[in-house]
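Colleague: The structure's right below; bear with me while I get my questions together.
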Amino acid sequence: MDDGGVSKAVAVVACAATALFYVAILYAPTLILRLPPPPSFKNFMIRRFLCAAISSVVSIAVSALLLPMKSREVSSLLSVYGIRTDHIWQAMVFPLSLTALMYAGSLVLKVLMLVSSLREDMNYGGGFSFVYIKNVSQEAVACTRSIASNVLVWRNYVVAPITEELVFRACMIPLLLCGGFQKSTVIFLCPIFFSLAHLNHLMEVYSRQNYNLIKAFKVIGLQLGYTVVFGSYASFLFIQTGHFLAPLVAHAFCNFMGLPVLVSRGKGLIAVASVAGIVGFLCLLFPMTHPDLYNDRTDNCRCWQGYCSGN
């Protein structure tokens, strides 16, 4: 990037407008274009997928126009957003392993439940045999097909992580950094836009809570708190690694796991695993996100932000 940057006011306004546009466009087909309601939930979600994709493209274009780029070549633009072909396995394995530590209790609980379920199936099916393996394989294939055709799976683990990371990390963070904000400030400022974009779920939660406003605000408050915490972590990953895949895999994994399980009644092992995972996460947070792991050269790296040199 060029030495000259955008002003802080322009950066904040652009980020706020981007967040607002990401939410508003979801309702554009019915409120603005006056299109008829989709005939099915699947069609409804596909329409939202298209809206989210349009929002992502527009956000990338707007940020590209505002950022003081040295070059407008495609490779340079992609590097600004952390979309790189180098160090792919590092950007996937290290952040994913680090994030999994926070879910150590949840993972142990899932393993215990899986073992218990397998034991029940083996006892019911007459033990470990060829027939048992065949039945398990058929169930696994059927489950995979069901998951692949589930529109909510595509929303939670593909569309939402990709579009949200593009808009709220890849587009916003360069703008805020060029606006003169410190890295630490960006890590806590960027998630605010991310959490505000989730306020559109208020009416949905309100109806699920039998139109109890207090309960709805409690649920939304918990969700906003969680999105701020995760947004800070995702922003940290993006700034440290300069790689789009780092927060992307963490986002998809967190969506899959949900809120971490810290304790479970009658299972002290879960609490022990949770504490061990948290300690491991804190100890490995900076070593596993050190820029040297994600760039061949730290004095002339290709990542968009140039902090690999420690500047």
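Heads up, the Cβ atoms here are built off N, Cα and C, so glycines get one too.
The domain 'CAAX prenyl protease 2/Lysostaphin resistance protein A-like' annotation in TrEMBL covers 151-257. The transmembrane segment feature in TrEMBL is assigned to 6-28, 49-68, 88-112, 216-238, 244-262, 269-288.
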Colleague: For the transmembrane segment (269-288), I need the partner stretch with the highest count of C-beta pairs below 8 angstroms, choosing only from 6-28, 49-68, 88-112.
Modeller: 88-112
Colleague: Run through the domain 'CAAX prenyl protease 2/Lysostaphin resistance protein A-like' (151-257) and tell me, per DSSP, how many residues are helix, strand and coil.
Modeller: 94 helix, 0 strand, 13 coil
Colleague: Where else in the chain does the transmembrane segment (88-112) make close Cβ contacts, counting only residues six or more beyond its ends and a cut-off under 8 Å?
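Modeller: For the transmembrane segment (88-112), the far contacts come to 233, 237, 241, 243-247, 249-250, 253-254, 257-258, 260-264, 267, 269-271, 273-274, 276-278, 280-281, 284-285, 288-289, 293-294.
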